[in-house]
Amino acid sequence: MKLKKTLTYQHHAYSFLSDNTNEVLENPKEILFVKTPLNEKYAPLIAEKNLAILDFNELKNYFDFKIKIVGITGTNGKTTTASLMYSLLLDLNKKTALLGTRGFFIDDKHIKEKGLTTPTLLELYSDLEEAIRLKCEYFIMEVSSHAIVQKRIAGLDFALKILTNITSDHLDFHQNIENYRDAKNSFFKDEGLKVINRDETNALFNPINARTYALDKKAHLNVQAFSLNPSISASLCYQHDLRDPNLKETALIHSPLLGRYNLYNILAGVLGVKLLTQLPLETIAPLLENFYGVKGRLEIVHSKPLVVVDFAHTTDGMQQVFESFKNQKITALFGAGGDRDKTKRPKMGAIASCYAHQIILTSDNPRSENEEDIIKDILKGINNSSKVIVEKDRKKAILNALENLKDDEVLLILGKGDENIQIFKDKTIFFSDQEVVKDYYLNLKQG
């Protein structure tokens, strides 16, 4: 991308930065090439022309980011935790930007549509400049494992880093679980302020300036008691110094969110906001009632019978959703993304068979893969095939599930969340799980 930026480099004045060699070669007098891990193989094309090359590690020297950047990483919970913090800070009258899977937002305005969880380095710098121009105090961003490995966050000084959890995902990119864990944990090696899920056994971090939250272990922010029925209520206790039990803050919270895993997201978000603002816990706690969650994350699309859409596309993510409804009769409808980690497919089938009384296997985003082959991979993990229905057409699968759903049952439509497209080998179509459900019940009502 091309970023408007006036700077002098190697005694030459430039008006733009770009990580695209074609853009630079078209106008080398005005555009300075920025070399990153993603485009370094093209750098010789620039060098052959004797043009200047700015290494991505030097980029930060030409920007003055007077804004508190918060980076949130983890297998699950990034989007909800980031959105929760954004909501809390806005309610506290703090001018805040949010960047992540759902797009770029500033002060409740949708600035840019969704793209990568973490954009390219120049896009990120561009978004930061826009947030600063609009006088934001905080910049909340999701940080993917890809972005960490590809150094898409190079040069940023984080005011706070947050870890939600580490399970297994993106093994098509990282090759194995060890590399994936190492990528996540590498984000927390420095001595900066960090918030860590103390119950996460895979977490490795520098203990200097680490603050923790947990349900099961002793941590800086703990839950003394909680209820998940029908939504989250809890008594929280915060200790700034774990060695001094007399210095405590407590607060009662009530949240419209569902499920134990959302209680973890709440703990991460509340602790993050407390550390950033230094406000009392009892000032932050009441604001949780204003946050109703994120579209496509445990989203109730219809209440009776209960139909829920969720982004869960990993074994751990699916289990957390299932746990939220384990006392109900579950129909689970899902597929798996094509051209992605194949090893998780049978595991997804296995976890669904543990919780669901009926499983409907369908397409997700098959991309270049054959839909039937993806479904066969999922079936390998399901012992009882009698509870399985296969319908590769996702719309038909959802409609069939709705037609057979009883009032005391719950339909969990998993994998795509708030996505509004479906990607095939030769086409991309508009598709929304929510719209299919809403249209069905609207037509039913109209007769």
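From the backbone N, Cα and C atoms, a Cβ is placed for every residue, glycine too.
Between the stretches 108-111, 116-119, 344-347, 364-367, Swiss-Prot puts its motif 'Meso-diaminopimelate recognition motif' entry on 364-367.
Every protein chain shown contributes to the tally, and the Cβ of G74 (ATP binding site) ends up with 26 other Cβ atoms within 10 Å. Counted over all residue pairs in R340, D364, N365, P366, R367, G415, E419, the record's binders of meso-2,6-diaminopimelate, the longest Cα to Cα distance measures 17 angstrom. Around T75 (ATP binding site), a 10 Å sphere centred on its CB holds 23 further CB atoms from the protein chains shown. Between N365 (meso-2,6-diaminopimelate binding site) and N76 (ATP binding site), the C-alpha separation comes to 19 Å.
Residue counts for the motif 'Meso-diaminopimelate recognition motif' (364-367) under DSSP, split into helix (H, G, I), strand (E, B) and coil, are 0 helix, 1 strand, 3 coil.
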